[in-house]
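Features reported for this protein in TrEMBL:
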TRANSMEM  6-30  transmembrane segment
TRANSMEM  73-94  transmembrane segment
TRANSMEM  106-127  transmembrane segment
TRANSMEM  147-168  transmembrane segment
TRANSMEM  245-263  transmembrane segment
TRANSMEM  283-303  transmembrane segment
TRANSMEM  315-339  transmembrane segment
TRANSMEM  351-373  transmembrane segment
TRANSMEM  385-406  transmembrane segment
Amino acid sequence: MGLLDLFITASMPVLKVLLITSLGLLLALDRIDLLGQDARKHLNNIVFFVLNPALVSSNLAKTITYESLKKLWFMPFNILFTFIVGSILGWVVLQITRPPQHLRGLVVGCCAAGNLGNMLLIIIPAVCKEKGSPFGDPGVCHTYGMSYASLSMAVGAIYLWSYVYNIVRISSSRSSKEVEINDSSASISSREGSISTESLLPAKAPPEQLGLPSTRFDHKTQAHLGTRLKQFMENVSRKINLKRLLAPSTTGAIAGFIVGLVPQIRKLMIGDVAPLRVIENSAILLGDGAIPLLTLIMGGNLLKGLTGSGIQKSLLLGIIVVRYIALPLIGIVVIKGAIRLGLVQHDPLYQFVLLLQFALPPAMNIGTITQLFGAGESECSVIMFWAYALASITLTLWTTFFMWLVS
């Protein structure tokens, strides 16, 4: 295929996303108001708790087996590498731009987490169906491509909801604590001149001077240390927050792996003659609504970005440079090195998916996360607006180049 043919093939999936996103933006306008702020919030909750877990679990249950995992073992490490490198580059952006505390988690999340689910599930089938695709027979390409996209979506969901979710949560909680401290500073300063009654009391003498045995003092010290250790463990458990770590999408991914990898369960649920196939069909039916609904919500959220807010231009530029220039270039080096070391199988479609994971726009679920915590919603809308507006150009160019590179 020539570069022009590859460019046309690569542009079709991106145009589909743009059309649906534009529809969501149109529905969010005040004159229509079908996707207002309250409607988007409720739809976000439905996607978060129902549709996303169904989408992840149903695709994984159908396509993931022990044989496929043996071939695809490098993908989870590749996605982890995108998160690590993106986080490091995001930290560099923070050092340069110095954004407010409540935006720090958002910036790192946008640099680290790409749209590893929805974009791949839209791009890969569309690329496979295009005439002259470099990936061979459309049916075979679609089957294997959906397997790669499903695993990418599942692993991406685990990393997103276990890492980015908690990064944004910690950032927003620290911001709220700073506000509380600032609000209480006036009342604290008003009491600075008062004399503490405790300072007038005599200092407590150590137990030895009072004639108490030293063992009693040791027991008290040990009890004090035990109390401090217990408090420390409680603080750590609250920060980790296992319930939040096991977000619905992560739980759906675990369920999909169990169904796909356990032969007895797979025979019961997967296939046209499976006794419990109605469960699989219901999950697929729910999951099919996740992608268009998420894309519509993203379009509605972009309305805020269209009107703009006080976000730093340098901050926005830093995220764009990280996601669309630095990460794709690093990805080429990583994948080419992995191929030379024999870590990646010689499958052009598989290599294409691995490369594409480095060039995707920020994950749309970051908007869901900011809405859940109420931190940086308008700024996230601006970032997503410009990131996805530029993705129509950058993603098309990188997709064209990646297809030429592996074909």
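Even glycines carry a Cβ here, placed using N, Cα and C.
Just so you know, TrEMBL annotations are computer predictions that nobody has curated.
Sequence-remote contacts of a segment are chain residues at least 6 beyond its ends whose Cβ falls under 8 Å from one of its Cβ atoms, and for the transmembrane segment (351-373) they are 40-41, 44, 47-48, 52, 74-75, 78-79, 82, 106, 109-111, 113-120, 123-124, 135, 145, 148-149, 152, 156, 160-161, 164-165, 168-169, 172, 249, 294-295, 297-298, 301, 319, 323-324, 327-328, 330-332, 334-335, 338-339, 344, 380-381, 383-384, 387-388, 391, 394-395, 398-399, 402-403, 405-406.
Count of Cβ pairs under 8 Å against the transmembrane segment (245-263): among 6-30, 73-94, 106-127, 147-168, 315-339, the largest is for 147-168. A contact between the transmembrane segment (315-339) and the transmembrane segment (283-303) is absent, since fewer than 3 of their C-beta pairs, 6 or more residues apart, lie under 8 Å.
Counting C-beta pairs under 8 angstroms (sequence separation of 6 or more), the transmembrane segment (6-30) fails to reach the transmembrane segment (147-168), with fewer than 3 such pairs. Within the same chain, residues 17, 20-29, 35-36, 39-40, 43-44, 46-47, 50-52, 54-59, 61, 118, 121-122, 364-365, 367, 380-381, 384-385, 388 sit at least 6 positions outside the transmembrane segment (283-303) and bring their C-beta atoms closer than 8 Å to a C-beta of that stretch.
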